[in-house]
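Input: a single structure, listed below in structure tokens.
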Amino acid sequence: MNAIILSLLGAAIILDKYALGEFGISQPIITGTIIGAIFGDVWFGIFLGAMVQLVFLGGLPIGRDIPPDGQSAGIITVGSYFLLRNFNSFGHSLFLAVVLGLVGSIIGGILEIYVRKFNEKLYHRFVHHEECLYICHTMGLLTAFIRGLCLFLPLFVFSQLIGVPDVFPQITKETLMIIGISIGLANSFYLFVKIKTVVYLLIGGICGLALVVF
Amino acid sequence: MRLSFGRLLKIFWHSLFIQTSWSFPSMQSMGFLSDLVAGVGEDKKSEILKTQRGLFNTHPYMVSYIVGATVRAYDEGRASAEEIGKFLAVAQTSFASAGDLLFWRTLRPALLLLAVILGIHFGIVGPITFLVIYNIFHLFHRIKGINDGYNLGWDVIYLLKDRRFKMVREIFEAAGAVLSGLLFSLAAFGVSYLLVIPLTALFMIMLVRRYSAVLIIISVLLLVLIIGMV
């Protein structure tokens, strides 16, 4: 699979973020599975998707707030990893994929603001030409798709072409897991742990320990 | 009065695109109008577009309740545009806050946690479990919302006091807490995982002090860079 096809696929999946349906297909754990399956390594796709998911578990799109784009981060991290893996070692590929994913999430959030500003023009066009409602509204699909393409294509082309030198930093799967679980725990504690749910947290913790021991 | 299956399907289909043209000054206005016109019919299109094209924003899954009730108001023809506007102003904020609490803050993160834990232990079972359970709730509200909205009319707002909303939220809050505890099981594999404790505390402090999400992502990025270089 080359960078262009992967970018088109990513841009189509990212429509699920808000432009079409919102079925949850664009969540990193799902996109990790899809991209992993395409590249023939579902397990590692799920693992990477899961780690990105934990990082972005607390990003809540409430009201006008536009948090960093966790969905794009999932697609970029997993897609870049598999493209980088063609010419680079595991540690280098993992490191660069995670960095690209995190940077991509911030750029994705900024691009989303621009897309929504562009949609403002569509709204003004509709206000002056009421008969254009469906056209102006549906054009939103195109702007969301183009946003995805503009975000994914350069990063995937870069990932496909680059050969990382040996002196470049690298990380292990365990390191990524430590970071992912740390921020995942912080996010989940922040979201779910209250005085009335502490008992459930303890039940979960005891069950978790039992799983590890036995 | 009952809503025909054909109209229900039309409203449901258009509701999937409610946020397609989201913009800052109008938010979901065009999406809402498209959905409403699809439900009410083309004959009242110009009246609706003239009178209801102001700002509209609510939770995307809960919009069905509002559209259902508004379609009923137009079908009956008794309410003035101003009265419908007042209903929309109240309904959109009420359903937005209920939907945000139920889906964004509770149900989705709890199910994603479940997917992560199942995914790491059992592979594809995790993502499939998330997609199936999440979309049962998601589509239930999208479809039943239209019917409830149409059948109850403007009284649909009182549905938010219904026990089922609170109960589902409480169940998923408890499930989320259990899953947070279970997440520890992923970490308890070796001594190096003791690092999870100070890092979790660090991120907790950032979240509790309401640091911006961008800043938290930048700190994760820096952490990856530092660990990568060391």
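Easy rule for this one: first residue shown is 1, then count along the chain.
Note that Cβ sites are derived from N, Cα and C of the backbone, with glycine treated the same way.
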TrEMBL lists transmembrane segment for one of the ranges A:68-89, A:90-111; which is that range?
A:90-111
For the transmembrane segment (A:132-156), which recorded stretch in the set A:31-56, A:90-111, A:176-193, A:198-213 gives the largest number of Cβ pairs separated by under 8 Å?
A:90-111
Go through the chain and flag residues at least 6 beyond the ends of the transmembrane segment (A:90-111) whose CB is under 8 A from any CB in it; none is fine as an answer.
48, 52, 55-56, 66-74, 76-78, 80-81, 84, 147, 150-151, 155, 158-159, 162, 164, 168-173, 176
